[in-house]
Amino acid sequence: MPSYTVTIATGNQWFAGTDDYIYITLVGTEQCSERTLLDKPLYNDFERGAVDSYSVRVEENLGDIVLVKIEKRKYWMQDDWYCRYITVKTPSGDYVEFPCFRWLVDDKEVVLRDGRAHIPQDDKTGLVKQHRQKELETRKKTYRLNNSAALSRWKEWQPGFPMSIDANRHKDLPRDIQFDSEKGVDFILNYSKAIENLFVNQFIHMFQSSWNDFADFERIFVRIKNTISEYVMQHWKEDFMFGYQFLNGCNPVMIQKCTKLPDKFPVTHEMVSVSLERELTLEKEIEAGNVYIVDYKVLEGISPNCTDPCTLQYLAAPICLLYNNTHNKILPIAIQLGQTPGEDSPIFLPTDGEYDWLLAKIWVRSADFQHHQTITHLLRTHLITEMFAVAMYRQLPAVHPVYKLLIPHVRFTIAINTKAREQLICECGIFDKANATGGGGHIQLVQKCTKSLTFRSLCFPDMIKIRGMDSKEDLPTYFYRDDGYQVWEATKSFVSDVVCIYYTSDETVQGDEEIQAFVKDVCSFGMQDFDQCEFPKSVKTREELIEYLTVIVFTASSQHAAVNFGQYDWCSWIPNAPSTMRKPPPKQKGLADVNLIMESLPDCGRSSWHLGAVWALSQYQENELYLGMYPDEHFIEKPVKEAMGKFRKQLAEITSSIKKRNEGKKLPYYNMSPNKIPNSVAV
């Protein structure tokens with residue numbers, strides 16, 4: 001009587017094991033096995049982290065094993081189980097691998113296909129075609145939206161937002177995309193821990209209480225030896241530090257080369273001549289490519305936070321002119337705090353009074369903080385990655401190579417975003433407590449910027465080039481650009497290797513109805529066919545597919561890391577990144593002094609909430625998986641594993657080169673170092 005040996009691995013996460021009954025059925029090309037209970041006498045089966053083997057006896061050989069059916073049935077009370085993989089050893093000694101990496105909840109069954117990736121054209125038999133179709137049908141029922149089959153599981157959380165998952169709470173999500181431990185991503189709990197760890201409990205409720213002077217902020221500032229944050233605290237007033245952050249701070253995406261001064265920003269040569277070092281007029285400096293501009297026009301018209309009737313809060317939409325001096329340092333030379341020039345909107349200059357100029361820079365830093373939090377971070381990494389993730393779950397079965405490629409890079413993204421909508425950016429959420437765009441301004445800002453968000457703006461080389469920032473000769477210290485180029489190319493090379501294994505020609509791409517449905521779903525439903533989005537509705541060549549998938553992987557990993565994990569470094573010294581301003585922007589010069597600045601900066605309570613926020617959001621997850629780490633073997637094919645090895649080698653070389661460049665620097669840049677880039681948006 002033939003016997004098959006079935007080996008089953010249970011997950012290592014908390015509560016992964018089960019005491020429920022587990023049954024297995026082997027499906028072969030010739031016939032199926034009997035439904036077999038997997039149970040060893042006097043043995044605790046399927047414990048957390050266990051790898052258990054069982055014999056399945058059959059009357060006759062089953063032929064090639066194509067599918068494995070796993071069922072879980074209640075023993076005493078429902079006990080969820082996480083299955084990592086199943087390996088079947090045939091009577092002839094061959095091994096067939098069946099990746100699972102999913103939860104079985106309630107009385108659930110899962111039918112697994114062997115671990116080899118297949119595009120739909122590869123499926124020739126009715127059995128595997130039927131399994132593929134049934135899996136997608138089940139997914140679309142799981143990822144539903146108001147019982148509408150056409151829009152399975154899409155939801156517009158706010159009008160004009162990219163579409164997201166249809167779930168109000170983390171616990172409403174399908175089990176497979178929840179966090180292993182919800183407590184670990186509870187924003188309220190984590191903020192409370194941060195506030196306690198940062199010793200700011202005594203200040204947390206001191207709203208409306210201003211600090212006395214800049215040194216007073218040190219009472220809540222945690223000094224960690226040899227960190228950027230302490231250097232920022234010491235040098236934040238300097239023009240060099242102000243300019244440097246546009247290149248390598250946590251929002252290095254705003255600066256662009258100025259090719260012509262906009263009419264709304266009437267800076268003259270006479271105003272800035274003392275700041276120019278090449279004996280050229282301002283017009284000639286612009287022609288020579290030495291002048292840059294940062295424009296926060298998206299903040300114009302955004303409603304400031306009015307959730308606290310005792311504290312008026314203010315926003316500005318400043319414009320800042322920057323100069324690349326002869327030492328290749330980016331320095332501010334003119335600041336206007338509004339979009340409309342005039343007597344009530346003076347242009348502040350380095351030659352003005354010390355506090356006039358400092359207050360103008362503080363307003364720019366506050367505007368930059370609002371843009372970073374809501375647009376660069378929330379919209380362009382979190383929400384965009386979730387949109388790709390939902391489309392992936394809806395349109396690609398687990399056997400599809402693109403599903404296997406993307407699944408590590410959307411790990412926990414839907415969960416963290418759902419938790420954010422539940423606790424962080426919701427009405428009366430944590431965001432409202434300290435941010436000038438809280439209370440609805442952040443919603444307006446996302447709505448405004450979604451209208452102009454394009455697919456090409458997510459392609460890293462395009463993002464850099466369109467701002468005129470691609471010349472290393474012009475800006476040799478733009479490390480965000482240099483490191484980003486390296487990681488983008490390594491990522492694209494890896495994606496290309498994987499795509500070319502499964503797609504032998506452009507025609508193969510065009511004939512893959514699932515990948516075409518995925519791309520269309522992102523544009524038509526995810527981005528709701530917004531007029532300006534220019535997201536593709538199809539991909540016609542391998543090169544187009546490679547670029548499309550590279551955008552997803554890069555956005556979810558590298559771009560998110562670049563704009564997220566430096567928050568504590570650059571934003572923990574409150575005057576350098578005020579989360580709100582409590583006085584309106586100055587309408588004339590000569591009025592600013594220390595008292596006005598203190599009255600403008602966040603009060604003690606809001607400063608403490610802000611500090612807790614940037615601390616919590618800068619922490620890596622426990623057991624973080626970094627770029628190139630793929631412990632869950634969704635791919636089993638040797639060529640893909642070789643491509644992964646090549647990718648890891650490239651990433652290690654990039655990490656080494658970044659480490660070497662940073663040696664001895666007072667301001668090292670590690671945000672794009674692969675060993676500090678998590679695989680996915682999960683914090």
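In case you wondered, yes, glycine gets a Cβ from its N, Cα and C as well.
Automatic prediction, not curation, is the source of TrEMBL annotations.
Taken from TrEMBL, the feature domain 'PLAT' covers 2-118.
When Cβ atoms from all protein chains are considered, those within 10 Å of Asp79 (Ca(2+) 1 binding site) total 17, not counting its own. Annotation source TrEMBL lists Ca(2+) 1 binding site at Gly17, Asp79, Asp80.
Taken from TrEMBL, the feature Ca(2+) 2 binding site covers Asp39. Around Asp39 (Ca(2+) 2 binding site), a 10 Å sphere centred on its CB holds 12 further CB atoms from the protein chains shown.
Per TrEMBL, site 'Essential for stabilizing binding to COTL1' is recorded for Trp103.
Per TrEMBL, the feature domain 'Lipoxygenase' maps to 117-683.
According to TrEMBL, the Fe cation binding site annotation covers His377, His382, His560.
For the recorded Fe cation site, residues His377, His382, His560 set the reference point as the centre of their Cβ atoms, and the other residues of that chain within 8 Å of it by Cβ are Thr376, Leu378, Arg380, Thr381, Thr385, Gln559, Val563, Asn564, Val681. The subset of recorded positions (Asp39, Trp103, His382) lying with their Cα within 10 Å of the Cα of Asp80 (Ca(2+) 1 binding site) consists of Trp103, given in sequence order. Distance noted between the C-alpha atoms of His382 (Fe cation binding site) and Trp103 (site 'Essential for stabilizing binding to COTL1') is 24 Å. Other residues of the chain with a Cβ within 8 Å of the Cβ centroid of Gly17, Asp79, Asp80, the Ca(2+) 1 site, are Phe15, Ala16, Thr18, Asp19, Asp20, Phe46, Trp81, Tyr82. The Cβ of His377 (Fe cation binding site) lies under 8 Å from the Cβ of His560, Val563, Asn564, each of these being in the same chain and 6 or more residues away along the sequence. With helix defined as DSSP H, G or I and strand as E or B, the domain 'PLAT' (2-118) counts 0 helix, 59 strand, 58 coil. Between the C-alpha atoms of Asp39 (Ca(2+) 2 binding site) and Gly17 (Ca(2+) 1 binding site), the distance comes to 14 Å. You'll find the Cα of Trp103 (site 'Essential for stabilizing binding to COTL1') roughly 11 Å from the Cα of Asp79 (Ca(2+) 1 binding site).
Using a 10 Å radius centred on the Cβ of His560 (Fe cation binding site) and all shown protein chains, the other Cβ atoms total 25.
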